[in-house]
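Database features, via TrEMBL:
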type	residues	note
REGION	1-24	region 'Disordered'
COMPBIAS	1-21	compositional bias 'Polar residues'
DOMAIN	27-153	domain '1-deoxy-D-xylulose 5-phosphate reductoisomerase N-terminal'
BINDING	Thr33, Gly34, Ser35, Ile36, Arg60, Asn61, Asn145, Glu147, Gly238	NADPH binding site
BINDING	Lys146, Ser184, Glu185, Ser209, His232, Ser245, Asn250, Lys251, Glu254	1-deoxy-D-xylulose 5-phosphate binding site
DOMAIN	179-262	domain '1-deoxy-D-xylulose 5-phosphate reductoisomerase C-terminal'
BINDING	Asp183, Glu185, Glu254	Mn(2+) binding site
DOMAIN	294-410	domain 'DXP reductoisomerase C-terminal'
Amino acid sequence: MPNASSTAGPSNGATDGSKPTESPRRVAVLGATGSIGRNALSVIEASDGRLQAVALSGHRNFDRLVEQAIRLKPRWVVATDAAAAGRHDWSQLPAGTELLKGPKGLEKVAADAGVDVVLAAIVGSTGLASTLAAIGAKKTVALANKETLVMAGPLVRQALGAAACKGHDELLGGGVARLLPVDSEHSAIFQAMRCGGRDEVERVVLTASGGPFRTWSAESLTQVTVDEALAHPTWNMGPKITIDSATMMNKALEIIEAHWLFDLPADKIEVVIHPQSVVHSMVEYVDGSVMAQLGPPDMRLPIQHALEYPHRRSGPAERLDWTQTHRFEFEPADLDRFPALKLGFECAEAGGTSGAVLNAANESAVEAFLEGDLHFTEIVPACRSILESHTFDSDPTLERLVELDRWARQEVQTWACA
Ligand SMILES: NC(=O)c1ccc[n+]([C@@H]2O[C@H](COP(=O)([O-])OP(=O)(O)OC[C@H]3O[C@@H](n4cnc5c(N)ncnc54)[C@H](OP(=O)(O)O)[C@@H]3O)[C@@H](O)[C@H]2O)c1
């Protein structure tokens with residue numbers, strides 16, 4: 001396996017905080033207008049020239065996209081909703097920036113020779129095609145879009161040539177392409193895995209804030225409103241992942257993500273509630289030692305870790321203030337009040353088509369909840385019912401996954417109309 005510098009584009013030279021002596025790492029920020037995308041741009045802008053945003057994408061928030069392009073002067077801007085893009089006034093785009101309209105533009109920039117790192121920060125299964133294009137073009141992919149792995153974990157691993165993986169550096173890709181986690185929990189696990197060998201890992205422990213309803217009774221959960229579900233206590237994120245955090249489906253997706261990223265069976269993955277969101281996750285080794293990664297709940301830190309990997313640099317993320325008293329609590333996850341977690345473990349164990357069905361059913365159910373067509377407590381039962389009624393395939397093709405994705409979304413509509 002080549003070393004990280006060679007897989008992530010030109011080396012950045014300086015390791016002592018001085019100005020870089022070599023070319024910047026060229027980053028395509030897919031989903032630049034979203035929460036992760038905006039945080040990534042703040043990391044890039046604070047990188048002292050080590051990182052350069054060469055492509056930015058947005059789906060419909062074109063005013064923000066243009067404002068970002070004026071600031072960062074990328075080579076490409078991709079406006080994925082082609083119809084909406086056709087109606088927009090793009091006259092303010094910088095002179096050297098090329099505008100690409102429609103989703104194919106994502107695949108084009110993800111595979112272009114002028115890109116070193118692709119930050120996959122589009123929400124939902126629409127992020128899959130560009131992630132696969134980036135892997136196919138042997139890029140380093142900084143993966144925020146967990147739905148890609150949940151939906152198509154076996155295909156992504158196959159594309160990475162992951163069968164040959166051995167040590168911690170090879171965990172995420174045995175070929176030339178590389179997948180680096182951006183999700184804070186998986187970034188923490190990735191970092192903690194550097195403390196020992198793969199065969200010395202006893203289990204990984206994913207931490208979960210517990211979301212806004214951590215202490216709510218099962219009965220009061222039936223009364224949850226959209227505004228209450230959108231008010232996350234520790235993280236400021238896009239609406240879909242915020243609802244997923246409230247149902248704890250986000251943790252279910254992360255269980256499946258951890259399974260595919262680290263090649264871990266479901267029984268080696270645990271979830272523990274940690275309301276402060278400071279311990280981002282842990283790795284327990286066979287001798288009982290537990291390695292954790294800590295930091296404030298600020299996504300700029302895991303984003304920077306992925307974009308600058310394997311280097312650590314000073315960046316814009318907040319710091320823990322050790323002059324203050326901190327109390328860190330851990331409590332067991334309640335699988336009865338938050339049954340989404342059970343689905344996560346079941347899908348990680350089953351593999352095959354189950355992740356794609358769960359992911360699509362959940363995306364569609366969250367949309368229906370946000371539109372007032374489904375109760376909060378119906379989201380997970382709808383997903384379970386659809387998952388149980390699908391025809392399981394242990395070794396699906398991409399076409400089959402896409403077909404099931406479409407089918408599961410239609411099934412949710414039946415639930416929403418019932
Ligand atoms: N936010 C976090 O702290 C966090 C943490 C860990 C992992 N993640 C993961 O990161 C991903 C992004 O999350 P987020 O919170 O940043 O979401 P977000 O704020 O909703 O942003 C989503 C981005 O995707 C674009 N987009 C939406 N629909 C699209 C489509 N059909 N085709 C192409 N682009 C589309 C949006 O464009 P417009 O805004 O222009 O419509 C926006 O740029 C998700 O997979 C999430 O699970 C997020």
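Quick reminder: no glycine exception, Cβ is built from N, Cα and C everywhere.
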Helix, strand and coil totals (DSSP H, G, I; E, B; other) for the domain '1-deoxy-D-xylulose 5-phosphate reductoisomerase N-terminal' (27-153): 56 helix, 28 strand, 43 coil
Residue pair Asn250 (1-deoxy-D-xylulose 5-phosphate binding site), Thr33 (NADPH binding site) - Cα distance, angstrom, rounded: 21
C-beta crowding around Asp183 (Mn(2+) binding site), within 10 angstroms: 28
Listed binding-site residues with Cβ under 6 Å from ligand 1, out of Arg60, Lys146, Glu185, Gly238, Glu254: Arg60, Lys146, Gly238
Pairwise Cα distance for Arg60 (NADPH binding site)/His232 (1-deoxy-D-xylulose 5-phosphate binding site) [Å, integer]: 24
1-deoxy-D-xylulose 5-phosphate binding residues Lys146, Ser184, Glu185, Ser209, His232, Ser245, Asn250, Lys251, Glu254: largest Cα-Cα distance, in Å and rounded to whole number: 19
Confidence summary for the domain '1-deoxy-D-xylulose 5-phosphate reductoisomerase N-terminal' (27-153), mean pLDDT rounded: 97
Binding-site residues listed as Arg60, Lys146, His232, least Cβ neighbours within 10 Å: Arg60
Additional residues around Mn(2+), ordered along the sequence, whose Cβ is within 8 Å of the centroid of Asp183, Glu185, Glu254: Lys146, Pro181, Ser184, His186, Ser187, Leu206, Asn250, Lys251, Glu257, Ala258, Ser281
Shortest C-alpha distance to Gly238 (NADPH binding site) - which of the binding-site residues Lys146, Asp183, Glu185, His232, Glu254: His232
NADPH binding residues Thr33, Gly34, Ser35, Ile36, Arg60, Asn61, Asn145, Glu147, Gly238: largest Cα-Cα distance, in Å and rounded to whole number: 21
